[in-house]
Amino acid sequence: MNRKVTQFINKHDLFEKGTTILVGVSGGPDSMALLYYLNSIKDDWGLRIIALTVDHQLRGTESLEDLQFVQQKCREWNIEFKGTSVDVPDYKQQYKVGTQVAARELRYNYFYEQMELFHANCLVLGHHGDDQAETMLMRLVRSADSQSLAGIPVKRPFAKGLIVRPFLCVTKDEIWQYCRRHDIESRIDPSNQETTYTRNFFRKHVLPLIKEKNSNIHTTIQHLSETLHADLSYLKQQAEKMTHDIVLFDKKNKLLSFSIPTFKTYAFALQRRAYHLILNYLYIDLPKDLSYVHEEQFFSLLHHQTGNTRLDFPEGLKIEKSYDQIRISFNQDGRPDSYHKLLEVPGRAVLPDGSVIIAEYVENSLEQSEFTFVCYKEQVELPLHIRTREQGDRMRWKGLKGSKKVKDIFIDAKIPRFQRENWPIVTDNQGTVLWLVGLKKGQPAKRVLGASLIQLYYDKGNM
């Protein structure tokens, strides 16, 4: 078994030689076998090992005895040890969660603290191949989410390092045999034998039946899990790139917007992941009453509903559809703050959404981009101003008789109402509207011999 686990560690780059690792140890056969294995390679790998044990105080003196048992074994094996007791009942009452959730959250909170304290590279846990099979079968029965169906990851980010699971390549039986071969003592939690817990039901009744048909099912399932995690990781990367490219983030007002037609050009698998990335950005913690129903409403809004519509999500999050734009925010009145900034030449102005307008003198400019504007210094009054629209704003441009209201320009271009309110407008010091950034340019600059040419450039920055 040692060779198999070591090959698995190397295959997945779980940790390197010379690193500090923490090991979650309950005192059961799985974690004691894991601790013994790691201790056996400690010198060759140059590892610093610290065993961590958490007493959940759920079984009276028995759980405390588990902690003391691990502590004693660590003394015998010359391994550093740290343990703690946590109050699960109090945590349950305070946060209104179940026993298993409370125990897990308290345990991982402690692990996180120790990762930070020891500057550890990874936390090693003893989940094995049967755990993986049970997990994926359970989730197949009660979940339709691909992320859940992928099962237990071999490694994942945690604190400033990783959680790694080198025993996913071996079965429960192999671990028991390993313990007998090396005379590894352990403690047995009686609750693991009760079938009232869903996992124990799958462990006692479902998995044995499957193993009768395929005794190597854990290998098949582990391969499937690794494949799914690799695919999901790639899709997540692509969804992150998608949101970066097409979603406009206003960090000050914590709102975002995007073009529906552009969003829909991406594969639906990426659209779904982008939806979840957006929610994770806006919510500090995802609300418990946020469900697949909200996801269905969101995509129905994008793909089927016509006209201007609004969805109300938990905790006051609002999703508004206006023309072909979506706006998502917690802003109660739906109106971002107005702004007014001076722009010296040369100089730059940072707008509330993180975008930037840069002004500079140039010798010549082709002015080919909708995000570039040029004018002659002698034809405008400096300094320039960048502001949101004001009542009565009008604009002139080549070919237009007279002037036109900025409001009507927005309407004709089908700019959603929420975007009009903070659309950057460049004027000179007399209030003449020179440029609706990215939308409409005023009268083109007439060439003046010896005059100074000013070029403005709009950069979306870190939106």
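In case you wondered, yes, glycine gets a Cβ from its N, Cα and C as well.
Note that the coordinates shown come from a computational prediction; the quantities given were computed from them, not determined experimentally.
Annotated features in TrEMBL:
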- S26, G27, G28, P29, D30, S31: ATP binding site (BINDING)
- 384-458: domain 'Lysidine-tRNA(Ile) synthetase C-terminal' (DOMAIN)
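Taking the domain 'Lysidine-tRNA(Ile) synthetase C-terminal' (384-458) as a whole, pLDDT averages 87 in the prediction. Here the Cβ of G27 (ATP binding site) has 23 other Cβ atoms within 10 Å, regardless of which shown protein chain they belong to. For the ATP site, the Cβ centre of S26, G27, G28, P29, D30, S31 serves as reference, and the other residues of the chain with Cβ at most 8 Å from it are V25, M32, A33, G126, S186, R187. Counted within 10 Å of its Cβ, the other Cβ atoms near S26 (ATP binding site) come to 24, all protein chains included. G28 (ATP binding site) has a Cβ environment of 18 other Cβ atoms inside 10 Å. Here the binding-site residues are P29, S31, and the one with the most other Cβ atoms within 10 Å of its Cβ is S31.
Counted with DSSP, the domain 'Lysidine-tRNA(Ile) synthetase C-terminal' (384-458) comes out as 11 helix, 23 strand, 41 coil.
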